[in-house]
Structure formats: C-alpha cells, structure tokens
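What follows is one structure encoded as structure tokens, with my remarks underneath.
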Amino acid sequence: MGETRDIEREAGVNGDSSGTTSTAASSNANILVVDENSHPDAPIRDAAGREEVDEADSSPPTPRFIQDESSWKRFKWVPYPVRRGIRATVKWTKGPPVPRRFRIKPLFPQVQQFPIVLLDKYLPNKLHRAALVLVLYAVWILSFAFTLQNGQSVSEIAEWGRLVKIGCGSTYWTPGNGCGLDGLDCRPFDDGGFPFRCPGNCGSYQVLNPHAVGDQEVIYKPLVVGGPPADGDGPAIYRGDSFICGSAIHAGVISDATGGCGVVRLVGLQSNYNSTKRNGITSVPFDSYFPLSFTFEHDIQCSSRDPRWSLLAISVVFTTVFSLFVTHPGLFFFTQFSGLFWTTGLAMDTPTYTDLASLFSREIGLYLPAMFVAWVMYDKMGVRRTLKGLTAHMEKTVLWLGGAWVGSLTNYTFDFIPIQRLTGHDLNQQPGARAALAIIIIVLTLIVVFQIWFFRQEARLRSHLKLYGLFAVGLIICLVLPGLNLRIHHYILALLLLPGTSLQTRPSLLFQGLLLGLFINGIARWGFDPILQTALALRGDAPMQSPLPVIAEPEISPNKSITFSWESPPTPLYDGISVLVNDVERFRTYFDDSNSMPGAGSGGAGNAVVTNVTWTRPTGLVTEDQPEYFRFAWVSGGTRGDYTKAGRWDGGREWAEMRPGPALKARDRGDEAGRVVGMERAREVMVDLRKREVDIL
C-alpha cells in the first residue's frame, strides 16, 4: 500500500482540465484532491494536468481568480469578463494543437498532370528542357517585338504627309489658358490640319476634375464638345478644346477598340455646338461661339491599327504554355511576372508617349526595381509557399494566371467601378464612388475572415496578425504626418494584401494572382508614385479654393457692350484680375496699370487703379440670340487663382449672375504636359503643309 494511483479525466481545449476524478488508497502516502467542479475560481492545474499537494505543504491552493489578478495588475480597470474574453481570443489565435498544412488535391489529376508526363517522356534531360525554355523565350520576344514594331509603322497620306501619333487626351486648344490671351499661342484657328493616329480605348479617357464649358461643368466623361448638326446635314464640328481622339470616335472616323488614323482639319470660329450620342460617347452641347473648331476629313485612305490585342494574344499563349509545363515555382513566377509587366506597359495600358524608344526607356527603368519587389514577393511574402509543390497545373493556369491577367488589365476589367482615385476628394465628388467603396470593403472583409480561418488551421495566424499590426502602425504614422496626405496606390494595396494569400488553397491562388496583376498594372502604367503626397500634388487641376472676385451688377450699354467692376481683393497679394469670355482669356488686367490691356477702364487718367473692364460684343460673328459666358479670377503676378462659375449675358439687357463657388483652376502649361504630347509635332506638320501650299501657288 506504498503507492498512489491517480485516475484523471481531461477535458477542454489544448489539454486544459475542466474536471478530474481521483481515488486514493494509502496509509502513509500523498493526499489526493478530488475536484469535480468546473468553477472558474478552481485552482489551475499544472502542465501535466494534475495537482499534487505535498505533505509538507498543507496550505490550500491559490484560487484561479487570484492567479488571474496577479497577471492583470496593471489592467485592474478592465472588467473580468473582458479579460477572460481577451485571453480566450489570444488562445484561439494560436490554432489547433496539431497544425494542418493545406495542399491542393488536383481535380482529375491525370488530366492536369498530362503536360508534365508528356514532358518527362520526350524531354527527360534537364539540359534539353533548359534549351527549350530559352527557345520559347526567344520566340516570344521576337514575335512580340515584331508585332509591336509593325504596329508602330507610320504610313503617309497623300497631300497630308506622315501620320502623327497623339494621345487620348490630346487637344488643339491647350487647357488652362495655355493658349494665352485671345488664344494667340494656339494659332492658326483655321486653314490647317494634320494626319493623326490614335491608340485604342480612348473612349474611356475622361476628365477627372470639373472642366468648364460655358455654364456647364464636365467631369468623369470624355471631353467632346459638339458633333453633327441637329438636322444631320453637314459635317461634325467640334470645339477646339475637345479630345481629338474621343471626337474621332464620336464622329465614326476611328474605332474605340483598335484606334485608327485620319485627318483633322481646322475650321476656325464656329457656334452652336450640338450634343449627340454616337459610338458610346455623348458629346457636350455649347450654345455660343468659340474661336477654334475642327472637323474630320472623310474618305481618307490610311492604314493604322493599335496592335494591343495581337500583343495580348501572343503573351496569353506563351504564359499559358509556361503555366502548364513548368513545375519550378521560381521559373514560373518570374516568367509570368515579366510577361505581364511588358505586355501591360508596352501594349495594354501604356502611358502617353511620343515614340517607341521613349516608351521602352521608361518601362525598362521601372522593370528593374519592379523585379526586386517581385523577388521580395516571391521569397518573403508567401508566393513561393503558395506555388511550391503545386501539381494542379490547369487550376493554377485558370485561377492564378487568369487572376493575374484580370488584375493587370484593370483599365478594362474593373473600368465599370466608379472609383478613379482612392482619395477623399474624389470619393466625395464622383457619383457612386462611396457606395462602390462600401461594397468593396464588405467583400474584402468577408475574404479576410475566410483567410483568417485557414491561417489559424495552419497555426500561422499570430505571425500574420503581428505583421499587419506593423502595417497598421505605419499607415497611422503616415496619416498623422503634417503637410502630407496618404494615398493608397494600386501597387501599395497589392503589397499590403499579398501576405494574406500565402496559402495553397484555390481561393488563395485567385486572390494572389489578382493582387500580382494589380501591382503590375500600377507600376507599368503609373510607376512608383509616392505613398505620401502633398495637397497640391493630389489636387492636380482641381480648384485650389482660393478667394474669388466679387463682381458687382454689370452695366449694359445699348452699343452691345458690358462693363464689369469688382470689390477690392481680399489681400494685397492679388494685383490683377483675369476674365474669360466663352472659356477664352480675353482680359488680364493689373490694377496699377490702366494701359495694361485694351478695354480696361479706371475712371481716370495716368496710372490710376483699374476698377473695371468693358467687353464689346463682336459684330458679324454671332447671332443676336447667342449668349456669352464670363468668368473671373484674381491674379498674383503670373499666377491665377480659381475662376468663378460662369455668368451669362444674352447680348441684350439680361444678365444671369454666376452661382457661388469656383468653377475650375486655370492651370499653367506644364500641368497638362501629358495631354498635349504629339501636338507640337502636329503644329510642325501644319506649318510644313502651309509652306507646300505657298510653294504651289
């Protein structure tokens, strides 16, 4: 009778005991404690799940609630149920006692592994396989380069010369008063033109900030003002600040899908621009006149098509071949990354460029740092873990590679989502943006909950929670930095979410491919834009919320003239005023110089302070019932502030005051460099054509 037998029953999670039944038989042995209750204050058992009371220590065990209090001394203000819930949550995040490593079991394994079996049968030698990979690379690059170069070939149009490549946002009339006073820097207004070539997908090129057209403000649509006459009899006439490529699509000269070529011709001052819906674009009406207008020559024979769809087909074929026949995760990943990057940057979502050499130079400058980030993704962010040992090659092709293509083509696949930029200003301004963001957040939340369950099963949840805690701290620091604004770009969002896909499950394959494609699209199209930007950089051409001139009731004269006067500027920094008439700058008057511009008045002589301007309605240019629109902005040196909304004068005695608030910011020329790429070359072509006409005469 010199030994003790313990009978223990274990219950709970991860070996914790909720109750024990013990029996003892000894005349001179340990005393066994019997505890059949599961009271929360019951003593906590030791690691072996049992409690032994030494004969020499007859003191009672410490109750559980006292032990709990000792570990929460600094947090006594936290209620006990809350502390208990926190402990349970922390314990839950640890995962099951035996972690599970998820592996995809291929559907129809014989079918999915057939390409590998075929490769093992005919090319068992690794050296031969390496040679085949190099041959495929060479064929891919050569076919891609040949198709791209062939698509860039420029043909000539009889009597017009060689085609000039322009961007989707190219315009005759430089935005933001870039044409100068009275538009003199954009002359000639008529008797000119040039042959042009547009890329594909220009129908989706939109203005992202309000653009004034008379008393209207165009936003989130193509800037196409005008079209065919209301009676349909006559050519389509467009205002000079319209997108040339968008107008060509509207007129039916080129295709939105493949782009095309044509000849644009200046027709000078026109009026009454009609609004029509054609070829997926609804043009903007304008019921007054504009000094520069253009139309398109019909029956022009030219050959030019955007090669993007041919290039996409080539890359899709080769990436699919590599996905089906390559088992090494590194070779598969970096091949797909490179193929998607160059196809996106050179074909599917290219930035505005003048020639192929400049485009290639830009993309190679982005590709090298992007490859370093790709290595970090592969080796440190879980891509290797997802792809290693994956034998479901067809599922990998459909889910991972298909998702990557969908993500890299966001300008097509996600173009329906009404969110252009993830900034507070744009979300409040764009219709439907906040609702779309709410839906996206709900979907992402469901996906996160789904992924959390899988990470817990693999006992990797805690490490990822720590990682995302660091991400959250970094984002909070970025938010509180003074003078800077946090902007989550495409590639930033992909990098933040990518570690959450480091699982070998079918949903993770899809999510990882989508995020990789999103990263590629962001870098190949926009580059490594900073995550922190100033308010000025984010605003772009949006109103800067500068003070607006307060215009008094104008004086209208019987001789078809109108005189405007204003209150003093709010600060001495403003030393002049700019006046737009029908969106053309007609006055730029400085207060201390009454002779600064014709039409400016002071009520006195010499260098008296200018207090008004007078505009005389042009004769012989417009009909009596056509209105004119006026906007005003303060000037500080050579810098203009925000313009007011338009006031309307009907040419008679009626004046409609402008509504409160700014209309648009008058931008400097450099602000729209991307829009006017190719137009300098176009003007050179027009000068050459004029010289030819002079020589012929």
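Cβ atoms here come from the backbone N, Cα and C positions, even for glycine.
The following features are taken from TrEMBL:
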type	residues	note
COMPBIAS	1-11	compositional bias 'Basic and acidic residues'
REGION	1-66	region 'Disordered'
COMPBIAS	14-30	compositional bias 'Low complexity'
COMPBIAS	36-51	compositional bias 'Basic and acidic residues'
TRANSMEM	130-148	transmembrane segment
DOMAIN	232-284	domain 'LCCL'
TRANSMEM	309-326	transmembrane segment
TRANSMEM	360-378	transmembrane segment
TRANSMEM	398-414	transmembrane segment
TRANSMEM	434-455	transmembrane segment
TRANSMEM	467-489	transmembrane segment
TRANSMEM	509-528	transmembrane segment
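Residues 329-330, 333-334, 337-338, 341-342, 345-346, 351, 353, 384, 495, 498, 516, 519-520, 523-524, 527-528 of the same chain lie 6 or more positions beyond the ends of the transmembrane segment (360-378) yet place their CB under 8 Å from a CB of it. Panel annotation: around the transmembrane segment (309-326), residues 115-116, 119, 136, 139-140, 143-144, 147-148, 151, 200, 257-258, 332, 335-336, 339-340, 342-343, 346-348, 393-394, 396-397, 400-401, 405 of the same chain, lying at least six beyond its termini, place a Cβ under 8 Å from a Cβ of the stretch.
Within the same chain, residues 104, 337, 340-342, 344-345, 349-351, 363, 366, 369-370, 373, 377, 382-383, 386, 395-396, 399-411, 447, 451, 489-495, 497-498, 500-501 sit at least 6 positions outside the transmembrane segment (509-528) and bring their C-beta atoms closer than 8 Å to a C-beta of that stretch. Within the chain carrying the transmembrane segment (130-148), a Cβ under 8 angstroms from the stretch's Cβ atoms is held by residues 123, 307, 310-311, 314-315, 318, 321-322, 331, 339, 342-343, 346-347, 356, all 6 or more beyond its ends.
Computed over the domain 'LCCL' (232-284), the whole-number mean pLDDT of the model equals 92. Helix, strand and coil counts from DSSP across the domain 'LCCL' (232-284) read 8 helix, 22 strand, 23 coil.
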